[in-house]
Structures are given as C-alpha cells and as structure tokens.
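Q: Feature table excerpt (TrEMBL):
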type	residues	note
DOMAIN	7-74	domain 'RNA polymerase sigma-70 region 2'
DOMAIN	101-151	domain 'RNA polymerase sigma factor 70 region 4 type 2'
Amino acid sequence: MQAFQALFERHHRRVYGLVLRLAGNIDVAQDLTQEVFIQLWSALKSFRGESKFSTWLHTVATRVAISELRKQKRWFARLHTAGDDDYDRHLVHEDSADLSELDRLIQKLPPQTRWVFVLHCIEGLRHEEVSQELGIAVGTSKAQVHRARTLLEEWLSHE
C-alpha cells in the first residue's frame, strides 16, 4: 500500500493536468483523477514493463477519462434536447477564472476536437497514437487538430 501511495504522490499532478485539459472542469477532473487511480490499482498487475511506467499510466489515464466523458455525454444527451449545449457551456465557464486565457479557449472547443488537440499538441502524442487512443482514423485526428487551431486563431484574433 505504501508503494501505491508513493506512486500516487509522484504521478497524480500529471494525471490531474491531463484529465483537466480533457474534461475542462475542475470537479470532473478531480473525480476522473480518482477514477484513474482506482482503475490503476486493479490494472497494475497487467503492467508488463514493455514501456516506461509513465507512458503506460498516460494511456490508462487517457482511456479512463475519455471513456467516462463519453458516458457523461450520453447521459446528458438523454436529458437535453439535440443541440442543447448548456452543459458544455457550463463546463467552459464554471472554471474560467482558474484557467489561463488559452486554456479557457481550449475548453471552448467541441469535446472530440479538444481531446485530439490536447493529446496531440499538448501531450505530444503522434496522430497514430491519438487515433489508437480515441478509436478514430489518423486523418480524423489531423482534421481535428486543424479545426482546433483554426478556431483558436479565430477566437484569439477577436479578443
């Protein structure tokens, strides 16, 4: 148990930073960080040491976060009519005071565009890795990064 506590202490900030960028909401990111480490506890025996632990943890964190965010989106889709993005607007504006201007704008991106942008441009994954993580085509990853950059440039030029 002490070893797991040390693991948590060493890696929780990085995991939290990743899931915060993916989720765009502090409370959700805290919950997701906890969920990542709960699932990590179960998955530790499957770590084979073929890659660095931090790389494996990044993959686990990304998969847990995206999976949970997709579940939440499906749940909220049942509650709201099509085209109602009040929940997304709430996520963007709720924590804006805690984010830098660029981070705030990144949170305004549509969810899948934001996920691809964060994984490729901020976390440094190659398009092939992003496509595997998210289950999308490499071309879709490239298109989403282009879309994100276009939107961010547009928003930055209007501020």
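Keep in mind that glycine also has a Cβ here, set from the backbone N, Cα and C atoms.
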Q: DSSP says what for the domain 'RNA polymerase sigma factor 70 region 4 type 2' (101-151): how many helix, strand, coil residues?
A: 42 helix, 0 strand, 9 coil
Q: Compute the average pLDDT of the predicted model within the domain 'RNA polymerase sigma-70 region 2' (7-74).
A: 88
Q: With DSSP helix as H/G/I and strand as E/B, how many residues of the domain 'RNA polymerase sigma-70 region 2' (7-74) fall in helix, strand and coil?
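A: Final tally across the stretch: 60 helix, 0 strand, 8 coil.
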